[in-house]
Amino acid sequence: MCVLFSLLLLASVFSLGQTTWGVSSPKNVQGLSGSCLLIPCIFSYPADVPVSNGITAIWYYDYSGKRQVVIHSGDPKLVDKRFRGRAELMGNMDHKVCNLLLKDLKPEDSGTYNFRFEISDSNRWLDVKGTTVTVTTDPSPPTITIPEELREGMERNFNCSTPYLCLQEKQVSLQWRGQDPTHSVTSSFQSLEPTGVYHQTTLHMALSWQDHGRTLLCQFSLGAHSSRKEVYLQVPHAPKGVEILLSSSGRNILPGDPVTLTCRVNSSYPAVSAVQWARDGVNLGVTGHVLRLFSAAWNDSGAYTCQATNDMGSLVSSPLSLHVFMAEVKMNPAGPVLENETVTLLCSTPKEAPQELRYSWYKNHILLEDAHASTLHLPAVTRADTGFYFCEVQNAQGSERSSPLSVVVRYPPLTPDLTTFLETQAGLVGILHCSVVSEPLATVVLSHGGLTLASNSGENDFNPRFRISSAPNSLRLEIRDLQPADSGEYTCLAVNSLGNSTSSLDFYANVARLLINPSAEVVEGQAVTLSCRSGLSPAPDTRFSWYLNGALLLEGSSSSLLLPAASSTDAGSYYCRTQAGPNTSGPSLPTVLTVFYPPRKPTFTARLDLDTSGVGDGRRGILLCHVDSDPPAQLRLLHKGHVVATSLPSRCGSCSQRTKVSRTSNSLHVEIQKPVLEDEGVYLCEASNTLGNSSAAASFNAKATVLVITPSNTLREGTEANLTCNVNQEVAVSPANFSWFRNGVLWTQGSLETVRLQPVARTDAAVYACRLLTEDGAQLSAPVVLSVLYAPDPPKLSALLDVGQGHMAVFICTVDSYPLAHLSLFRGDHLLATNLEPQRPSHGRIQAKATANSLQLEVRELGLVDSGNYHCEATNILGSANSSLFFQVRGAWVQVSPSPELREGQAVVLSCQVPTGVSEGTSYSWYQDGRPLQESTSSTLRIAAISLRQAGAYHCQAQAPDTAIASLAAPVSLHVSYTPRHVTLSALLSTDPERLGHLVCSVQSDPPAQLQLFHRNRLVASTLQGADELAGSNPRLHVTVLPNELRLQIHFPELEDDGTYTCEASNTLGQASAAADFDAQAVRVTVWPNATVQEGQQVNLTCLVWSTHQDSLSYTWYKGGQQLLGARSITLPSVKVLDATSYRCGVGLPGHAPHLSRPVTLDVLHAPRNLRLTYLLETQGRQLALVLCTVDSRPPAQLTLSHGDQLVASSTEASVPNTLRLELQDPRPSNEGLYSCSAHSPLGKANTSLELLLEGVRVKMNPSGSVPEGEPVTVTCEDPAALSSALYAWFHNGHWLQEGPASSLQFLVTTRAHAGAYFCQVHDTQGTRSSRPASLQILYAPRDAVLSSFRDSRTRLMVVIQCTVDSEPPAEMVLSHNGKVLAASHERHSSASGIGHIQVARNALRLQVQDVTLGDGNTYVCTAQNTLGSISTTQRLLTETDIRVTAEPGLDVPEGTALNLSCLLPGGSGPTGNSSFTWFWNRHRLHSAPVPTLSFTPVVRAQAGLYHCRADLPTGATTSAPVMLRVLYPPKTPTLIVFVEPQGGHQGILDCRVDSEPLAILTLHRGSQLVASNQLHDAPTKPHIRVTAPPNALRVDIEELGPSNQGEYVCTASNTLGSASASAYFGTRALHQLQLFQRLLWVLGFLAGFLCLLLGLVAYHTWRKKSSTKLNEDENSAEMATKKNTIQEEVVAAL
């Protein structure tokens, strides 16, 4: 059958002589599971084959095997079920297209597919080859083809293709990523041809240097399937992005600072081969990426560039301006100048100086105001312009000063200053001194009577009585043994090259001289001695006369007048006269003795004068303050904290025109015209001078407030009254608020000036006053009495019964009325008494007493007739009233036994008596203070032991059974006495200027106790003595005695009043006591001029003590708790901010504890400084930016913050002082820019600025910044302000990565190369913004483990075993040997079980093992493990093959010790006969010997160093490792060098150095006080002392050299082997000696110069003389020669 089929097929093929039957399809087609694929297919058949019924298309799967039908166009039922619905014939059979589409591919669809088409039974064809289909689950990576040559500027195509293609899939893509979209174009091509099926994307790029290092990624995606492939571009290019980085960016570069310039290249391929540096276009000849200036100088300023070169080319960076921040002063013209010339000083700065420099000029360290330009012009200079000038340049980063330049102005001598003195201390001596001011120095000549006596040029009168000394521009003549001829006129002449001047003075030889010791100006209490000296010869009867203020004070034989304690009365003009026999000296010149004393308590009065002339207001206030002091005190008058007037003349623009101030010495008179309310109050007069201060206060009442009652002060009840408060004030208070007082008590407050009483009631009658409420308070008006008239009210009539001494009744009638009422008392119709005639009754049983509106009637020996109706009538001009009562006489009374006066605890019996006797059945009731006593119903009340609470009024009531009326007894009072109890003693001190102490002792006692007050066992006050008697004992004490109370007032308490007071209370029954401590506050600190001062002012702090023992006081000061030297006062010549602290002084009396004052805080005001402007950004949500400006200022500065030219914030009263805070909510790019902060205060201002960068761009990593290797990571650039057209540039570890519209980087498979720092830049129309770098950490398991070992053979065999590994995170490492753990990284402090020392580092473990036994079994295992995996490695220690050096006794030996170094062979074997050993010291060859030992007997310090040996053995030469030999020795004598600042001696340096091994401990002592040490914890710290301690050296810099820092300093050096010390004097004494030595050198130089000039003149004169003689000899010789020649010529002619 097959043979027949083949024959028929051949016949059909060759029937027409051509091959037209065939099928074309790809050999291979690939697809992905779940996707689809298309097998392109075309077929052909001969043209002459008829097609009548169409063509049947059949696709088979595995035709040679299973032969499953995939497609059957004739009978679809024949299709295998697994292909039904998934296979589709896509071709048109009429067009001979037979494409097969397979959908929903599965892996089992892989295999061979064959196409068969049938036209008829005899015309059919089968594609035997078929198409192989491969279906996989994951796609294979795309195929990338790249050009061979890549270079910058070329355009190249990069092709990426994949065999997977399915047109029916919509989610299929083949894309290039990582390219720059602005310089590249992509195109795509799909091939569905019988020749092949593939999908290709072409990337066309214009290459640039930025493409170097770019990773191109081609990614294929089909539904959920994807694959990718990367290619790394290497584009050769010249260096790009060359720039210079400055190490000192952001601050000033000062002279001497190290500066590093780094040439950074952004990109270069190949690598940079050369870097050249240039400054200002001139090649510096320096190569390398880094240019280091170890010490910046003037010439280092300039514009720097660097040029980077590789094989592709070179690039020069942009110039970087380097400015060395320094200044130099240049002068035009240079050198000394003459007066009236113009001088210009230029403050020159190096090149590349910034434009915003600010200049300041200083002369002699004093700032010149209004000199802020780079040049300083001095037109028409004078001698006052001579001095040292320097300039200061300043910018935002700091300031720097130039070196000083000396400006010398030359001028002729001024008028000389000629003075004369008489010295009679050791013989009569006259001194004449002449000094002059000139430039250059002048020649000074002193003459008398036309005769030159002395000159500073050396032309002197060599008189043995004369002693001459001179200095520059100064001449001093001392004349001994004065004679009358020495009197007369003396003349001083001064001459220099520019002119001369003279002055004259009369000198008298025989004149007395008055000397005052210690000075003509002393402080009160100081001892003063006045001495009288004259030229008279001493005689036995020499007399001295003393005169004070022209009047004879004393006459006697003593030449001295002693004032043991000078007082103000001793001040005056003194002179003396001497008389010796018949000779009398002239009077001495008057000398004024001035005695200084602090201000006494001022006399201060304040009064109001009323002008009775009737012209004008007629009111004026007079304030007069007078004080006694010398020097005159500065007076200040203060009112409500404000200065009203001072004794210093000043213009007060804010003072009232009504105030007139008159000033005299120590007196201040202030007159206030028409005083108003604001002028009232307490005025304080302060007086202060350099020795102390005092004050006094006075109250001034201007009567500016007047109360007026209308219509009258006396009104009838029910009428209307208006009370008006009239206030005379300068500025009306709006709204006004008034306080009204009634009978001295606050009545009402409000804004009404008038209070209306409508209607007026009797209760309104009172004393009224008012005042205006102000902040400082105001005086009350004068009180006004309001009287209210009304008729009498019904009188109050009462009757009292007293039977204590017999029956007595008292009738009292009182009434309320005004005016006073006429009172009459009646019994029935019988008039008993009136207040007009109170003694009207004539009998003595009835007595009447009358007071205002009160009438009292006493009726004694009451009888039944006194019972009846009593009534009282009251009458005045406005009306009358009456009242009545019925009085019945009752017969009971109370009898007390033993007495109503009782002692506490005593028994008492009270009996109820009735006059008619006791009836049977009478009942009794007892009452205490009106309260019934239930426990007693008998006629007797017994109290066994009476107490205080049982004292009071007792009465009884007797009720007879046969009567209805009870008999009520009058009350009887029981008084109970008791011992003193509850003694209290309180001690108070008022703080007003009067200083008043109060001691109050009170007690509960009956009878009143006798009180005694003791102080230190001394009776101070007592109730036994009268107040006058006690006050007379001490005028400062005032005693007030009240019942059971004793008050002691101490006026101006003194130090001796301090202490414990005891109060003792006693009466006849007992005693008690109490104690209290009294603080007199007699020690007080006063601050002059004020406790609030400006920085730089002089401040005096004085310890004021109120004490009667001023001479025996000792003082101690405390500054901020630190004790200072003791003195009554301390002076701060120039107060600093550091001085702003609390001060207190302590005063001690002999034998008593010191008394401390209350602290006083010194407030130092200064201009704003340390202005700082910073900003903070919220890192999470970026919703807030905080701009913070702070400054150091006192008083607090007014801060303003500006953005550009717009003010954005300023400080207010509610702000934190010296702080300004600006919060920017949701900041935008418009908020970025330059912010300026200014600080203003009354003392100055400061400014600073800052560039605000919001940093709104940030890099975010997903899923996190730390991922395991191989995991995908997406790096996103987030910028909330980015526009849609923004471009994103990415940088990795500072290198450009890519740029494009994509805001994210995707790493599908991360590797270690992806780790590092990423940051991005966003470019849009708003500008360019950069993010901060974000770190990406790639985690991976440990790898590349290395276990190594090496030996350290110094003195013993030591092996170091080290294991390292590469891992992230760091691995935990374990080192083991034979299964035993020797070391572990997580036990870094272990000692390896005593085996050796362990060192742990990141991914490294190091073990030092001593005395390792070499040989087998030395296998070590290192294991490293982290969370991602572990790794281990092994290492066997090698056997020892090298020689080593051993030392005996060791390598650290003391100097002088014997030492042997041995060259030890491997294994400890000895040397053979042909061996030799060579020793080396510090790499220098010493010697060779056959023995391996190098001996030192003994070793010295110079032999310390590195030693190693070389052994020449028969087997070859080998060299040991070097060992270090240390020779130990004690310190040598230290070198102590002292440096003192030559200008003013304010700074100094002590430098101590020593040689020792081991290093020495250095200490520096002044006396017994430790000043510094190189052991930091030993030395005390002081702010003005800076200590530096390099090895074996100690340096101490003292910035403020004071007396406490001067003295002998000792530097001591010690180590374990010994110690040594050296000393030197440190202070200004050395500076003074240096200055004296400099002056001596100047004089010697002058003398040497003069001598050289003189020798030169002599030599010149000798030379001239010799030259003249030689010339004459030469002329004579010439003449003789001429004559000789003439003779010879004549002889020749004759011949």
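Just so it is clear, glycine is given a Cβ too, placed from its N, Cα and C backbone atoms.
The domain 'Ig-like V-type' annotation in Swiss-Prot covers 20-136.
The feature N-linked glycosylation site is assigned by Swiss-Prot to Asn159 (among others), with sequence analysis given as support. Sequence-distant neighbours of Asn159 (N-linked glycosylation site) (same chain, 6+ residues apart, CB-CB distance under 8 A): Ile144, Thr145, Gln200, Thr201, Thr202, Leu203.
Counting Cβ atoms from all protein chains shown, Asn266 (N-linked glycosylation site) has 17 others lying within 10 Å of its own Cβ. Asn266 (N-linked glycosylation site) falls within a strand segment according to DSSP. Taken from Swiss-Prot, the feature N-linked glycosylation site applies to Asn266 (among others), supported by sequence analysis.
Around Asn340 (N-linked glycosylation site), the same-chain residues six or more apart in sequence whose CB sits under 8 Å from its CB are Ala380, Val381, Thr382, listed in sequence order. Annotation comment: Swiss-Prot describes Asn340 (among others) as N-linked glycosylation site, evidence class sequence analysis.
Of all the Cβ atoms in the protein chains shown, 16 others lie within 10 Å of the Cβ of Asn500 (N-linked glycosylation site). Sequence annotations record features per position, and here Swiss-Prot assigns N-linked glycosylation site to Asn500 (among others) based on sequence analysis.
Feature annotation from Swiss-Prot assigns N-linked glycosylation site to Asn583 (among others); the stated evidence is sequence analysis. In the structure as shown, the Cβ atom of Asn583 (N-linked glycosylation site) sits within 10 Å of 14 other Cβ atoms.
The Cβ of Asn693 (N-linked glycosylation site) lies under 8 Å from the Cβ of Pro598, Pro599, Ala633, Glu686, Ala687, Thr1086, Trp1088, Thr1102, each on the same chain and at least six residues away in sequence. According to its DSSP assignment, Asn693 (N-linked glycosylation site) is in a strand. Marked as N-linked glycosylation site by Swiss-Prot: Asn693 (among others).
Residue counts for the domain 'Ig-like C2-type 7' (704-781) by DSSP state, with H, G and I taken as helix and E and B as strand, are 3 helix, 38 strand, 37 coil. The domain 'Ig-like C2-type 7' annotation in Swiss-Prot covers 704-781.
Residues or ranges marked as N-linked glycosylation site in Swiss-Prot (evidence: sequence analysis): Asn722 (among others). Counting every protein chain shown, 13 other Cβ atoms lie within 10 Å of the Cβ of Asn722 (N-linked glycosylation site).
According to Swiss-Prot, the feature domain 'Ig-like C2-type 11' maps to 1081-1161.
Asn1090 (N-linked glycosylation site) carries neither a helix nor a strand DSSP state and counts as coil. The N-linked glycosylation site annotation in Swiss-Prot covers Asn1090 (among others).
Sequence annotations record features per position, and here Swiss-Prot assigns N-linked glycosylation site to Asn1100 (among others) based on sequence analysis. Around the Cβ of Asn1100 (N-linked glycosylation site), a 10 Å sphere holds 19 further Cβ atoms from the protein chains shown.
Per Swiss-Prot, domain 'Ig-like C2-type 12' is recorded for 1172-1264.
Listed in sequence order, the residues of the same chain lying 6 or more apart from Asn1247 (N-linked glycosylation site) and placing their CB within less than 8 Å of its CB are Leu1171, Ser1236, Cys1237, Ser1238, Ala1239. Residues annotated as N-linked glycosylation site in Swiss-Prot, with sequence analysis given as evidence: Asn1247 (among others).
In the three-state DSSP assignment, the secondary structure recorded for Asn1460 (N-linked glycosylation site) is strand. Taken from Swiss-Prot, the feature N-linked glycosylation site covers Asn1460 (among others), and the record attributes it to sequence analysis.
Of all Cβ atoms in the shown protein chains, 9 besides its own fall within 10 Å of the Cβ of Asn1474 (N-linked glycosylation site). Annotation source Swiss-Prot lists N-linked glycosylation site at Asn1474 (among others).
According to DSSP, Asn500 (N-linked glycosylation site) sits within a strand segment. Proximity of Asn1460 (N-linked glycosylation site) to non-local residues of its own chain (separation of 6 or more, Cβ distance below 8 Å) is seen for Ala1447, Glu1448, Thr1493, Leu1494, Ser1495, Phe1496, given in sequence order. Spatially close to Asn1090 (N-linked glycosylation site) yet at least six residues away along the chain is no residue at all, judged by Cβ distances under 8 angstroms. In space, Asn1100 is the closest of the glycosylation sites Asn266, Asn500, Asn583, Asn1100, Asn1474 to Asn722 (N-linked glycosylation site), judged by Cα positions. The closest partner of Asn1474 (N-linked glycosylation site) among the glycosylation sites, by CA position, is Asn266; the full candidate set was Asn266, Asn500, Asn583, Asn1100. Model confidence over the domain 'Ig-like C2-type 11' (1081-1161) is summarised by a mean pLDDT of 87. Proximity to Asn266 (N-linked glycosylation site), defined by a C-alpha to C-alpha distance within 10 angstroms, is shown by none of the glycosylation sites Asn500, Asn583, Asn1100. Residues of the domain 'Ig-like V-type' (20-136) grouped by DSSP class, helix first, strand second and coil last, total 9 helix, 49 strand, 59 coil. Across the domain 'Ig-like C2-type 11' (1081-1161), DSSP assigns 6 helix, 40 strand, 35 coil.
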